[in-house]
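Here the structure is laid out as structure tokens; the discussion comes afterwards.
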Ligand SMILES: Nc1ncnc2c1ncn2[C@@H]1O[C@H](COP(=O)(O)OP(=O)(O)O)[C@@H](O)[C@H]1O
Ligand SMILES: [Mg+2]
């Protein structure tokens, strides 16, 4: 027996036997359909990139791509701006209270996205809670359209993205050595300087990971724009669905899906560089 | 009592700190003179850090008044107290270079750029670390990091530098080297320093004055010599240096001079600093180095059997087991050709009566 | 006093206000469906004018609704069991062998987590339409096995990492066979990790919309797909009752997972 194998190691034969069923399934249900998608996008009676050329010419595709970037980046930046102070608030709590507040942050994470979408309509829709309140306060004068438009998509997006951003930044803040802040205080630094020179730079890794996770998650978003957005707010994922079901143009649908796959692949790779493998599993969870 | 003639740098008046269910610090009065090197010494949990953090403003007092440099600082925010502080883990900013770390307090004080460069260069020279200015703290050894954190304090000339066990993370050799370096900087710069340690040797080496703490109270304060030779309580005697203590009852001898009746005999004792009633319980302290081994002899002595003799380099320590089961330690200078009494041999451990010190018996419990 | 920006009170008050607004925004959508679900069946109302169980009655008497729930539960249970059966041995082999290429295999098993679901939905749609698996329960279960594999994988691999390998070595030295070791030594240590992965997979399958939307039809429609089209086209108040049921279930599962994780942390 080789000296590097220990008694608890499985032999290659047993290992293969245990791995084979899942590997076959994943090849058939994951790799094969991805292959079919790529193949459909370049096969029009023979190999051609015409589907991609068509997309590049399509005003619809370009508009949807712009929407996607606007919503993903806009939503992510808002999530960063809102999430940062929340993470600071959490970091400043004693551990038991922090756990209690974290449950509130994690609740949307556990709730079905359909439940949240329905609830957001009930809260922010034209007959929703917020508009009822506004109407009551203003004597019926004010009604804000916040659903089935860009605002609705952003609200839904934020509800989905914020927990990831907050947790990511919180991780950085909790590992920050509080004595650095005490030291800065004894040297006479005020709160703003401490924030800019110490807290912010030292939480940069958490912020970067949070931003990448948010952009990765939002770029492939399908349900939120479909349920909370208007016709004008279609994102790439919705376009894939549109080509598949409305126009039955599977070639265009596949090409669009491949574009999305490449985009999110790049983001995942970037995230992997920033966070190592741990970041990858978090991005999907 | 220490009489301080120099103007006070810090004055604590009845300052105390109570957490939910612990009195971390009972009401304390303490004055630190300008330019003094004062050490807070005491076992872990005795309230040293609490006292330091009260002065730094990181903890709000439950009662009392804190005056720093003539100004009431009781409720002043930390960043307006004009202090410097050195932390045990150095607390250097990991994302800044050594230069930027030292420049930080100067930037806070809006010092012009050229001036910052000059002053940072000067302190780096002072601690002989000019060559690491552009490195990050984590690229430096522990000793270097601690010197940088000292430099970061010195650079802006705070009137008072606080240090909480700053050398605790260093190994013994480096620690001794740094003790001397801090002492040198204190002598050269004349900054008032308040230093916390639980290490008696460190306190004896460095301090102008030691404040010995016990259970959230000041047990005794004074120069290192005072604390060593004139401890006022059993706690002080035992915490600093090693000690032999004989418990007994104070009585008047045949000539009227005080004697202590103990289980091992009755011994003449010097008059205590604070009067102790005749008939009261008291303790006699004799430092091991003030005892000698002898066969008979006419000085005051106890008898017992040699249990062990250990060599500590320049000195030898003998452990003498007495009749009542207690152990007396005798410390003698090591001489070439020394002959130790054999284990189990009967010996007498004697001392000069004037080297003994009478202490009140510690309160029960 | 040692806050992240020093001891400034103003800064602390501002962050705390902001934080509470955010907590509210995150919390309310998950919980507001509960009171709405006890309202009148006529329209979505908050606060409800009177408390009734009419919406629940509507849900359980409409076969389109409860049928889709039964279908969802069936798919979720089957998915969970089958994924466990495939993924637990695979995870064990990954953790306890020196097979070349096992990192690549692990990457393959984690991949569904990283690919946008819409891409998987389209790919499966194209593939299943030629394989005749569209609108079949088997098809949606297969797809969900693929989607939930990474979550069970992560949980079991971390369980294996924390389990004591020395116990397996000792058992082997005492002469136990591979099979005995797996069932008597490894599995008992992995119970909690497997349970966590299973609960997670169950919830994932139960809540999954996008792939199910592509693969199911009128015969095999799952609850999320039914909800999706209902929110999109009619926005009936029955949705509040469904949502409440789902939320309660999610919360129970979340609590179960948290309790299990606490237990494993305490024991290790
Ligand atoms: N933040 C706190 N909360 C509760 N008790 C504390 C706190 N800080 C210190 N204490 C208690 O106060 C006492 C003195 O602590 P400290 O000043 O840190 O002692 P030292 O520095 O001498 O080791 C200890 O009993 C400690 O447990
Ligand atoms: Mg301390």
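Placed from the backbone N, Cα and C atoms, the Cβ positions cover glycine too.
TrEMBL annotations:
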- C:20-38: transmembrane segment (TRANSMEM)
- C:69-257: domain 'ABC transmembrane type-1' (DOMAIN)
- C:73-95: transmembrane segment (TRANSMEM)
- C:107-126: transmembrane segment (TRANSMEM)
- C:138-158: transmembrane segment (TRANSMEM)
- C:192-215: transmembrane segment (TRANSMEM)
- C:235-260: transmembrane segment (TRANSMEM)
Counting Cβ pairs closer than 8 Å, which of C:73-95, C:107-126, C:138-158, C:192-215, C:235-260 has the most of them with the transmembrane segment (C:20-38)? C:235-260
Six or more residues out from either end of the transmembrane segment (C:73-95), which same-chain residues have a Cβ under 8 Å from its Cβ atoms? 102, 105-106, 109, 137, 140-141, 144-145, 148-149, 152-153, 156-157, 160-161, 182, 186, 190, 194, 197-198, 201-203, 205-206, 222
Near the transmembrane segment (C:235-260) in space but 6 or more residues beyond its ends, with Cβ under 8 Å, are 30-31, 33-34, 36-37, 39-45, 55-56, 58-59, 62, 65, 69, 192, 195-196, 199-200, 202-203, 206-207, 223, 227
Other than its close neighbours in sequence, what residues sit by the transmembrane segment (C:138-158), given a CB gap under 8 Å and a spacing of at least six beyond its ends? 75-76, 78-80, 82-84, 86-88, 90-92, 94-95, 106, 109-113, 117, 120, 124, 128, 190, 193-194, 196-198, 200-201, 204-205, 208, 211-212, 215-216, 220, 222
Spatial neighbours of the transmembrane segment (C:107-126) far in sequence, C-beta under 8 Å, 6+ residues away: 87, 90, 134, 139, 143, 146-147, 149-151, 153-154, 210-211, 213-215
Long-range Cβ neighbours of the transmembrane segment (C:192-215) (under 8 Å; 6 or more residues past either end): 72-73, 75-77, 79-80, 83-84, 87-88, 117-118, 120-122, 124-125, 128, 133-135, 139-140, 143-144, 147-148, 151-156, 158-160, 162, 222-225, 227-228, 246, 249-250, 253, 256-257, 260-261, 263-264
